[in-house]
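The block underneath contains the structure these notes are about, expressed in structure tokens.
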């Protein structure tokens, strides 16, 4: 493990006992204590580069104050424009930020765009209320008022997920501060239930990254290996990639669970990133609070089992980095300048690649996804329904195998980063996934398959495993 990875791991692990300390604290101590810890971590890991996050926060807050009814689009333009400046610092002869600064900036961008959207929703709701002449009851997810500058700073620097996620909305943060009976919210058991696979994933990461180092792909000797060996190598590279993020995101979720952050009654049917989808009245006593069943779906960032065993490329995106996927769906996909599912996905993947960075490998990887989505959608709608139940089961296994190979292939661009290294590796295996996807798309079109946006998702398999075997 690199020194940076050790630093991330230490930050994630210390957030767990800190969470237990904050869990039963009052709203004021939670707000300012969590912000102080987060700011301290930022200053320690980023040093003077912390200024970038402060400038981004102040700029967004100014836009919210100036144009509250249209601040969402303005905040999106501002934060994404600042990302370009932030990544071009070395080209401008300015000090290059640390990797930790980049991580803070990425999560901060998501939070500030979401905050601006929540403020805009509040103002639009107030306008409708004034126009109608009567007051409605509390609306699900709506903010009570516009956050002040200090409240915006406290949300932005809250230590929870400050470098690794999960992403959370200001409404989720506010609900944590105002939990009526935090002592009744379970933490220890959910934490242990969530944490148990992490040590195994960590060992698998260390073993796979040692046996199949990524650096080998950059060496000339690698390309003297036979084709089957070159094809196989992307499988353990993606395996190590998954194990690394599984450990990081499980640890990050455990930090949230320790603090009771993102806990809602099961009846609220919370979604990762978005929070509750149904209104649930707060409990009126500690006894009633203790009698409720809670979950932490709001801050769930990874479904490891479904990521590995879902059938389709489309579903693989849903279970990976789940809170960020919600953000992309809510703020990018829905406003995409197209109606087609594949074109909307291409737009979303383009901006997702930009959010990750300027390395060509990100764009090569992310922009392969829409081709795979179009191919699997057309071919599946053309052929799967014509098969017997046994044939459909066999289809799903083959589809799953190809889905995993597609992600193996795309992962190589994500980790190799450079244009030359990515294309060199893909060329060494003859761009097999690109050609396979094009062939599947052509066959699906020839057989009259419909576009993915017109297919009924309910009739399609999402996982090879029975529901009862899926990850809790």
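Including glycine, each Cβ sits where the backbone N, Cα and C put it.
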### Query
Do the topological domains in Swiss-Prot put residue 23 and residue 223 on a single side of the membrane?
no
### Message
Which residues of the chain, 6 or more past the ends of the topological domain 'Cytoplasmic' (1-5), have a CB below 8 A from one of its CBs?
### Response
99-100, 206, 244
### Query
Hey, which of 6-22, 34-57, 232-261, 427-447 has the most Cβ-Cβ pairs under 8 Å against the transmembrane segment (195-212)?
232-261
### Cβ neighbour count within 10 Å of residue 321 (N-linked glycosylation site)
22
#### Entry: For the topological domain 'Cytoplasmic' (213-231), residues assigned helix / strand / coil by DSSP
15 helix, 0 strand, 4 coil
### Task
Determine the mean pLDDT over the topological domain 'Lumenal' (262-426), rounding to the nearest whole number.
95
